[in-house]
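Input: one structure, supplied below.
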Amino acid sequence: MLDPKFLRNELAVTAERLATRGFILDVAHLTQLEEKRKSLQVATEELQASRNAISKSIGQAKARGEDVDAIMAQVGDLGAQLDAKKVELAAVLEEVNAIAMSMPNLPDESAPIGADETENVEVRRWGSPRSFDFPIKDHIDLGEGLNGLDFKSAVKITGSRFIVMKGQIARLNRALGQFMLDLHTTEHGYTEAYVPLLVNEASLLGTGQLPKFGEDLFHTKPATEEGQGLSLIPTAEVPLTNLVRDSIVDEDELPIKLTAHTACFRSEAGSYGKDTRGLIRQHQFDKVELVQLVKPEDSMAALEVLTGHAETVLQRLGLPYRTVVLCTGDMGFGSSKTYDIEVWLPGQNTYREISSCSNMKDFQARRMQARYRVKADNKPVLLHTLNGSGLAVGRTLVAILENYQNADGSVTVPEALRPYMGGLTQIG
């Protein structure tokens, strides 16, 4: 959520910067609402002051033995007018809030301006794609050939975009998650967390999935009088970041660095027809998430560090990748700047996203009222929040199967994973 003061004082600038994201802000309507809000606010305060002043005179009139019926009637009339103005003001504030909640974050000035993914900017590459002297198989053929990926059973049990893994491939998938967690906790300074896979609406509002992206979620329990609705998490970013919702942490606690390995659930409502085969786009998938909560002046540097943590996973696994900075038109709703890390997939002969690392600045923190107390003046200030995949486990599995395949259909286990595989060097 954007800063209301900045929005009011710099409306034209806000509209201009949001336009680079493809979001058209109705400046005229918002200006009209703001004028109406001011007018109603003044009227409400004046009516409140008048009613209070006249109410005080009732006791004085009674003390003098005067008839107070007329004054009581006047107070009642002012009260009715005040109630009516409060209703009007609440309606205007609700509309303004709805508009504010629908606005994406302002892009950082360092984010390249562009309309879509074709205008993203590559910033670096690591490793060189392997040259094969035999016909390349994709991860689907490799996994099925090794009796490790069972798409048919998943369709029978649940439906499309799910997977059953078996044997050493299931073990490799588990090893990947453990390897990532160990790397981030022992070398990168993150604290591991075990978090709920079901979250309430307040949590999804806090991180920005609601109200705009409700159709992308799996909702398991509707809201009732007894409690809020629950939804399966689309990413562990939601529960991890919400750990500081409605909180004020001490400055000495920062930065807070959290990681979790969870299943994630997405309806993929907007991706009909995309990646219909294989593990690239599943309704249920594993991911190791990285979250950092930092002081505002530290967040841009923290984004570079967090992105480096995700890249380190690929380097340790020997997987070629490139890192691109997203242009304004391709960034996620809550992001001010995002790096996508794309791993090389020989089966597709292209780089595919395996991690997205973003600086949300105070966009999520304002929604969540997540703050820290500055030691110098003891005042609470909004945190800056960052998140990134470190990494998407299923897509990393895809990359290993395809990059480490052998001519006979077997797959070499990357050296970094062998301790997690009981010393196994090859699958198949």
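Cβ coordinates come from backbone N, Cα and C, glycine included.
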In Swiss-Prot, the residues T235, A236, E237, E289 are said to bind L-serine. Which of S131, S153, S160, S389 is said to bind at that same site?
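Of the residues offered, the record points to S389.
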Relative to the mean position of the Cβ atoms of T235, A236, E237, E289, S389, the recorded L-serine site, which additional same-chain residues have Cβ within 8 Å?
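Leaving out the recorded residues gives V238, L240, A260, T262, C264, K287, V288, L290, V291, N387, G388.
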Of the binding-site residues T235, E237, E289, which one sits closest to E268 (ATP binding site) when you measure Cα to Cα?
T235
Let me know the largest Cα to Cα distance in Å among the L-serine-binding residues T235, A236, E237, E289, S389, as an integer.
9
Between the two most separated Cα atoms in R266, S267, E268, E353, I354, S355, S356, the residues recorded as binding ATP, what distance in Å do you get?
19
Just to be sure I understand: of R266, S267, S355, which binding-site residues have a C-alpha no more than 10 angstroms from the C-alpha of S389 (L-serine binding site)?
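Hits: S355.
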